[in-house]
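A.B. asks: According to TrEMBL, the record shows the following:
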- 77-415: domain 'UDP-N-acetylglucosamine 2-epimerase' (DOMAIN)
- Arg518, Thr530, Asp558, Glu607, His610, Glu629: N-acyl-D-mannosamine binding site (BINDING)
- Asp558: active site (ACT_SITE)
- His610, Cys620, Cys622, Cys627: Zn(2+) binding site (BINDING)
Amino acid sequence: MDMHLGSVQISPHPLNIWKAQEQYFLRMQRNKEKKSMEKMGESNQCKRKLRVCVATCNRADYSKLAPIMSGIKSHPEDFELEVVVLGSHLIDDYGNTFRMIEQDDFDIGSKLHTIVRGEDEAAMVESVGLALVKLPDVIQRLKPDILVVHGDRFDALALATAAALMNIRILHLEGGEVSGTIDDSIRHAISKLAHYHACCTRMAEQHLIAMCEDHSRILLAGCPSYDKLLLSHHREDYMDIIKSWLDDKVQEGDYIVALQHPVTTNIQHSIKIYGLMLDALISFNKKTLILFPNIDAGSKEMVRVMRRKGIEQHPNFRAVKHIPFEQFIQLVSHAGCMIGNSSCGVREAGAFGTPVINLGTRQTGRETGENVLHVRDADTHNKIYHALELQFGKRYPCSKIYGDGNAVPRILKFLRSIDLDEPLQKTFCFPPVKDPISQDIDHILETQSALAVDLGGTNLRVAIVCMRGTIVKKYSQPNPKTFEARMELILKMCNDAMRDAVGLNCRILGVGVSTGGRVNPQDGVVLHSTKLIQEWSSVDLRTPISDALHLPVWVDNDGNCAALAERKFGHGKGVENFVTVITGTGIGGGIIHHNELVHGSTFCAAELGHIMVSLEGPECMCGSRGCIEAYASGMALQREAKKLHDEDLLKVEGMDMKLSEPITAAHLISAAKMGNSKADAVLTKAATALGVGIINILHIVNPSQVILSGVLASYYQAPVQHVISQRALFSVQNIKVVTSDLEEPALLGAASMVLDYATRRIY
């Protein structure tokens, strides 16, 4: 019988069903295990160490790269460090400086001889070509995740070109800066090849953004060399270092450091300037430590000039090829002057306030501190000699334009944030340019801030104040009675605030100090203080604070600071002419005229409390009679309150006065409000005196607004406005008297000096 199986349904055997199910579950389990292993692999890949290759070409870039290399090496759980050495590091004439890298305990993975000797334009081009021939093998062998390259040297251009063509991510240090030579073109070319940027200044950051670099890949870090030099500045053995490089008789601040490099876009002119500088130094007759120029085109001719003038045999000169960075910064920081065109003069030297003479055009466009005197057209020996006379032996406020000592932690954080799974293809952000102030919070978001110091008669206060006028953190201690204890406490509180600022994400730009008495703000000196602050006359506040904190420092009278606070944060914002009057323990204030603070020829233009309103009035603390302060200050009201109290004329029915509490101006005001005619008469007289004094101010400087500040401001506002309307000239009767809304005018004013004024000057 034929069987048509296609038409007959045959039931599967139970054993076959069980086997099929078993195979299905085994396949599912294997797939699950495979996916789990893939996830674990992905997780391990995410956590793998970042392989960082740092390439250094010469002694100058190593000083910037060494702190980063140390930071990477100290975090072996996150990074693998590979070091490549090339360029002038390996040339005997330039000191074989690769040895200092070995002495710093870094393992050099590769040494590449890439310099073609000749020290001319053709040799520079050939050196770039030789480096491009040799680098691919090294990069192929090391296979770094990221290459760190510094600055603007022709060697660095070869490094960046090779890495970019071999699909290696590049972190470029110190991009966006401007210096006026071929270095600019090289630096900007490297920036266009680089995927990430760690720049030193806000202006450099803005330049990179204007060059269409992605703002999320730009880190405003500061200069890494500042991390080391700020820590190493106060070495106890600095005199030993000075004597070892000069001689045993040389004194601190009585020698010159000279370092001049060729300008490759105008070699002959730079050689001429070099000769004029040497002539000026010979005539100036001071001990001079002179370093040989770098390997750029023209350096050989400059060395010939040095030898023709007998510099190496001259008793006043010590010519050297290389000095270790830690010793070099000691020599620069304690020098009487630095001269030449090295970037060290416009960058690192500013951190110490060392006077610098910058010759020629090599650093044109760089941001500089006020310690730098530019001699752009250094065309005569006499001009350079005169610059030496102006600068030698001066000291300037410390400047942190290029860094605050925290660059390396920021760069390491930046490196950790790099996502290797992101596309390698570089993208550009074409206009409109994003606001550079709003940085990527995953990298570093720091608030520009100031340290504000208020020296009161009772308390010493320090605050961290941000750009918006917010007091981020405040510190207060009783003000010591002696000068030494007071200075010690100021520095301690400022150091505490500096440490806290890092954790609070605040970048401290400088220190502003508000103090009572007469102040010379140009020199940062308290000339005469109030009686409340003892031992505080002819005191230089700027220098010790600046030296200790490596920050620029501004100092002014507390009344002037109150006016500055109103100008930036209060009722005076946008007002061209106004007067602030402080009504507190004493009477003070400040005058803003055409948006500028008025100091006067002897710095007492705003001693508003000592405007005389009576020839025979009560005695004032200044020694005169009839001053506003003798009538309307808190101390004057307290004196009158005590008189009434002693005569049993102060207390009225319903007024709560404890026998043990001291009599103050508040009791007088309270008694007046409750109908005490004697107290009311005292306050009316005080308000009238204050009003008459303010009328005098209106008639002299004619402000458009009067701002009353201090604890008595709210009480005096209406009576003073009434006195003005009754007694002032018709043209000023309608000028408004307002009360300040600021809780801490002295601190905010001290901060505004830092936040509003730059430390740069150009000649």
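Note: Cβ is positioned from N, Cα and C throughout, glycine not excepted.
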A.B. asks: Taking Cα-Cα distance, which of the binding-site residues Asp558, His610, Glu629 are within 10 Å of Cys620 (Zn(2+) binding site)?
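C.D. replies: Within 10 Å Cα-Cα: His610, Glu629.
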A.B. asks: List, in sequence order, the residues of the same chain other than Arg518, Thr530, Asp558, Glu607, His610, Glu629 whose Cβ lies within 8 Å of the centroid of the Cβ atoms of the recorded N-acyl-D-mannosamine site.
C.D. replies: Gly516, Gly517, Asn557, Gly559, Gly586, Ile587, Gly588, Cys604, Gly609, Cys622
A.B. asks: Using the Cβ centroid of His610, Cys620, Cys622, Cys627 as the reference point for the Zn(2+) site, which residues of the same chain not in that list have Cβ within 8 Å?
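C.D. replies: In sequence order, the nearby non-listed residues are Gly609, Met612, Met621, Gly623, Ser624, Ile628, Glu629, Ala630.
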A.B. asks: Measuring Cα to Cα, tell me the gap between Arg518 (N-acyl-D-mannosamine binding site) and Cys627 (Zn(2+) binding site) in whole angstrom.
C.D. replies: 17
A.B. asks: When a 10 Å sphere is centred on the Cβ of Glu607 (N-acyl-D-mannosamine binding site), how many other Cβ atoms does it contain?
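C.D. replies: By my count, 19.
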A.B. asks: Cβ-Cβ under 8 Å from His610 (N-acyl-D-mannosamine binding site), same chain, 6 or more residues apart: which ones?
C.D. replies: Cys620, Cys622, Ser624, Cys627, Ile628, Glu629
A.B. asks: At a 10 A cut-off on CB-CB distances, which of the binding-site residues Cys620, Cys622, Cys627 has the highest count?
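C.D. replies: Sorting the candidates by Cβ neighbours within 10 Å, the top entry is Cys627.
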A.B. asks: Specify the count of other C-beta atoms within 10 Å of the C-beta of Thr530 (N-acyl-D-mannosamine binding site).
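C.D. replies: The answer is 20.
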A.B. asks: By a simple count, how many Cβ atoms lie within 10 Å of the Cβ of Asp558 (N-acyl-D-mannosamine binding site), its own Cβ left out?
C.D. replies: 27
A.B. asks: Suppose you look only at the domain 'UDP-N-acetylglucosamine 2-epimerase' (77-415); what would the mean pLDDT be?
C.D. replies: 90
